[in-house]
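Novice: Take a look at what TrEMBL says about it:
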DOMAIN    97-243  domain 'Peptidase S54 rhomboid'
TRANSMEM  41-59  transmembrane segment
TRANSMEM  112-131  transmembrane segment
TRANSMEM  138-157  transmembrane segment
TRANSMEM  163-184  transmembrane segment
TRANSMEM  191-209  transmembrane segment
TRANSMEM  229-245  transmembrane segment
Amino acid sequence: MWIDYLESEDGAKKNLEKQWSSWWKQWSSCWKQWRSCWKQCIPIFSVANIVVFIVTMYINNCPKNYSEFGETVCRAKFLGRVEKLGGCEWDKVVNMGEGWRLFTCNWLHWNVQHLLSNTFILFFLEIFLNLRFGFVRIATIYLLSGFGGSILSSLFIRQTLCAGSSGAVFGLIGAIPSVIITNWTTYTNKFLTLHTLVSLIAILTVGSLPDRTNGSNPNVSVTNNFGHIGGWLTGFLLGFVLLLRPQFRPVELENTLPNVGVKSKYKIYGGIGDAVSRSERERALSLVSLSELPV
């Protein structure tokens, strides 16, 4: 009786241990999948733009300046802060050798509206592209597109101070058509693909309205079309290089040949490059040099 009781208790403990072990394996696998997906889903650049804007507002002390001096003086002081923090200006980049401004200007924004308009589009683009292609490639396209947009805007806009992540955002938008063109033959729903292209064209049309300047300060460009074009072209070209995906899957030979019931006399051995039969392997030993044989 006691033996049966102990055996049943041991069996219950073993079953409980098995259940805990299986539950732990499932939980750990789910945690690994969620952690990898969570890392890809973090909109790092969107968060970084917001943080930099908050830091810029804190340095400028906009609430105090606005209450004491009014909107005009606050904007003028904010303009000076953006210039000091890394706004892109042709004279400083070319004549003063401050090439670092071509990178830093992509993290600065003029106001909340400017920040939200760029961050809203960037948030969805970043998550969608990160899940499909990975953070490293998308980050490379984002940074280089912003750099390309800054170069083009510096070449054509020499009297205004440029800032904003629009060029980098347009680079991500430009990378999508390159992916569609490269993998066009693999898409089953081409209507949805064309709809995506039309949507991108609409975004480009709205974002590239005729260039206009700020009425309170003509030295600040509200819409930097050259930065948009430079970023879009950079992202479009980089998409062909960094976002390539295989269009055809390799076909296994054993699934294509008909099964006619003929047994092959050749076998593939892991350590031998050629497929030879057992008898042929024995004869092949004579071809092996004496230095390779064990003593």
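Glycine too: its Cβ is placed from the backbone N, Cα and C atoms.
Surface or core, plus neighbours and distances: that's what I need for these features.
Specialist: Residues of the same chain lying 6 or more positions beyond the ends of the transmembrane segment (41-59) and with a Cβ under 8 Å from any Cβ of it are 78, 81-82, 85, 107-109, 112, 115, 118-119, 122-123, 126-127, 130-131, 135, 139, 142, 165, 168.
Using a Cβ-Cβ cut-off under 8 Å and counting only residues 6 or more beyond its ends in the same chain, the transmembrane segment (138-157) has close neighbours at 44-45, 88, 90, 93-94, 101-103, 105-106, 126, 129-130, 165-168, 170-172, 174-175, 221, 224, 226-235, 238-239, 242-243.
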Novice: Near the transmembrane segment (229-245), which residues from the same chain, at least 6 beyond its ends, have a CB less than 8 A from one of its CBs?
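Specialist: Counting only partners 6 or more residues beyond its ends, the transmembrane segment (229-245) has Cβ contacts under 8 Å with 133, 137, 140-141, 144-153, 166-179, 182-183, 204, 208.
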